[in-house]
Amino acid sequence: MARSHPLEKYRNIGIMAHIDAGKTTTTERILYYTGKSYKIGEVHEGTATMDWMEQEQERGITITSAATTCFWNDHRINIIDTPGHVDFTIEVERSLRVLDGAVTAFDGVAGVEPQSETVWRQADKYRVPRMCYVNKLDRTGANFQRCVQMIKDRLGARPAVLYLPIGIESSFVGLVDLVENRAIVWLEESLGAKFEYRDIPDDMKDEAAVARQELIELAVEQDEAAMESYLEGNEPDVATLKALLRKGTLAFDFVPVLCGSSFKNKGVQPLLDAVVDYLPSPLDIPDVQGVKLDGETPDSRPAEDSAPMSALAFKIMNDPFVGSLTFARIYSGKLEKGTYLNSVKDKKEKIGRMLLMHANSREDIEEAYAGDIVALAGLKETTTGDTLCAPSAPIILERMEFPDPVIELSVEPKTKADQEKMGIALNRLAAEDPSFRVSSDHESGQTIIKGMGELHLEILVDRMKREFKVEANVGAPQVAYREYLKKPVELVYTHKKQSGGSGQFGEVKVQVKPGERGSGFVFVDEVKGGNIPREYIPSVEKGMRETAEGGSLIGFPIVDVEVHLIDGKYHDVDSSALAFEITGRGAMREAAQKAGITILEPIMKVEVVTPEDYLGDVIGDMNSRRGQIQGTDSRGNAQVVEAMVPLANMFGYVNQLRSFTQGRAQYSMQFSHYDEVPANVADEVKAKLA
């Protein structure tokens with residue numbers, strides 16, 4: 001089966017927006033008009049096709065990105081739905097990674113909201129060409145011109161206005177198309193599927209003429225010949241104008257601005273036309289970059305079917321009917337069912353079922369090509385952010401950075417029946433989300449879950465309850481501290497136990513010292529002349545390593561330890577692997593007591609993007625949190641503050657930041673390194689954990 005659409009007719013897009021800008025409703029309408037979804041779902045009824053997790057339907061917010069394929073004007077459009085909530089920015093970044101272009105939706109009443117600024121800056125980071133869609137123009141208080149001004153002021157973008165609204169609020173009936181120079185009016189009874197082209201209303205002719213002139217002047221800047229011709233008094237024809245607008249959009253010189261009301265079924269078809277006309281195909285973006293298996297030598301893949309196959313797994317989700325699904329963007333080559341691929345882990349993966357997803361219905365396919373976004377069922381080794389590639393030409397596409405989790409909670413199942421279900425649920429959730437980890441506490445036997453933020457863990461506990469029917473008690477959030485030795489020590493430790501019959505005996509002489517930061521547990525065997533038989537040495541290491549992991553002073557792991565096993569003694573009858581393991585444990589405990597312990601805490605790299613007005617407040621607040629300001633910078637018309645702040649001082653920060661900046665600043669934080677806790681804070685930590 002050959003490719004159904006040539007690559008230049010592909011559009012891989014995402015719709016990004018603030019929580020209530022009508023992103024899901026817009027996607028719904030796109031699916032309805034492109035003939036893929038036959039009943040219009042409404043978010044406020046909780047039936048939207050894209051929001052397919054129960055939780056999303058109830059909260060009316062989109063949490064996971066579902067990928068959907070639809071067709072328009074002989075083009076194939078793959079839509080990736082992105083979440084709009086600040087704690088899911090990792091999901092947004094993940095979807096931006098695999099998009100070629102984006103539509104940013106704005107609420108026509110509220111304009112550019114804080115989360116819109118956040119996703120806009122993330123799209124800048126990944127160099128995603130985009131256009132703006134001002135939605136909800138039927139609502140009381142909607143103001144199109146004010147939104148356009150905010151796009152200039154708050155985002156620092158140059159808007160290229162393609163459409164003007166005819167009427168506003170309850171009298172909003174259609175649009176003036178400035179490129180084609182005509183009006184479009186929708187017919188109510190057809191649910192917006194039918195519309196008519198008409199002449200521009202008399203009372204709008206002057207306004208439309210001025211706006212069209214501005215648009216043409218913006219477009220002809222893209223081409224010297226067009227500019228000269230225009231200055232001689234010749235207007236570009238429609239095809240030339242579209243080509244110039246496309247060129248400027250792909251070059252980030254301006255952003256096309258459209259408008260409508262998705263809920264009232266007006267403006268969606270022009271939006272689809274603009275996606276086709278102005279957003280990039282996979283051929284318009286640079287070749288995907290990566291490295292060879294050595295992790296250093298740069299490599300790349302062109303968007304061609306004949307190139308070696310390469311794809312990026314960007315999302316794993318559990319489907320109630322198919323099981324685990326891995327969503328992958330194919331960058332190059334051709335993928336056939338039944339073939340074996342290399343995963344980054346240098347393991348082979350067999351491609352079993354391959355599906356094209358439409359929100360939550362699915363279609364089995366036999367093969368897929370460069371530019372496709374597909375769901376693969378039954379992959380065993382692949383996790384989010386991994387590359388899948390042809391074994392003959394391995395490549396690692398730049399790996400998405402997933403920070404280590406920094407906040408932990410204990411979770412306890414409420415009943416015996418919940419115990420087993422909880423284990424299954426947590427493992428499934430951890431497979432889907434690389435920034436979520438699960439472990440158990442040796443001493444208390446509690447299950448500890450770790451994640452990126454308070455809301456992150458809250459949502460996961462909630463999913464455990466809904467999807468897996470597990471009821472659990474949840475503890476308060478804790479910082480993951482570490483312990484570190486103060487100085488090197490040398491000691492002899494003897495373990496002796498005699499109780500009739502054979503006893504236990506082991507003796508070791510060890511030197512234990514603080515290692516370099518980040519070196520982990522290092523064990524060096526320097527025993528000469530068989531003073532400890534070879535088969536017992538791994539037991540000494542095991543005992544010492546496990547004791548270090550269990551901690552000494554406050555029960556957090558002792559990290560970066562270097563142990564030299566210098567000498568020892570054994571007994572022919574009483575010595576055994578177990579006896580030497582116990583000896584190792586005792587030696588590590590005693591070494592920690594003699595060396596003394598300092599406490600290390602996670603230090604976060606925090607970036608706050610704030611309007612200029614609040615810069616002083618943001619810096620003052622950072623200093624009060626033991627933060628060290630690394631620098632400030634301007635980005636567009638916002639100020640960026642970078643600081644290193646202990647995680648312990650960042651709990652509840654999101655709410656405080658919102659309150660003193662009226663919700664206009666946003667922050668991102670990721671783990672940077674562990675550092676020593678100041679003495680006064682260390683005393684507080686010990687007292688709290690004692």
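These residue numbers are counts, starting from 1, taken along the chain as shown.
Cβ coordinates come from backbone N, Cα and C, glycine included.
If you look up Swiss-Prot, you'll see 17-24, 81-85, 135-138 marked as GTP binding site, on the strength of sequence analysis. ALA17 (GTP binding site) carries a strand DSSP state (E or B). Around the Cβ of ALA17 (GTP binding site), a 10 Å sphere holds 27 further Cβ atoms from the protein chains shown.
What Swiss-Prot records for 8-283 is domain 'tr-type G'.
The Cβ of LEU137 (GTP binding site) has GLY108, PHE144, PRO165, ILE168, GLU169, PHE172, CYS259, GLY260, SER261, GLY267 as same-chain neighbours under 8 Å, each 6 or more residues away in sequence.
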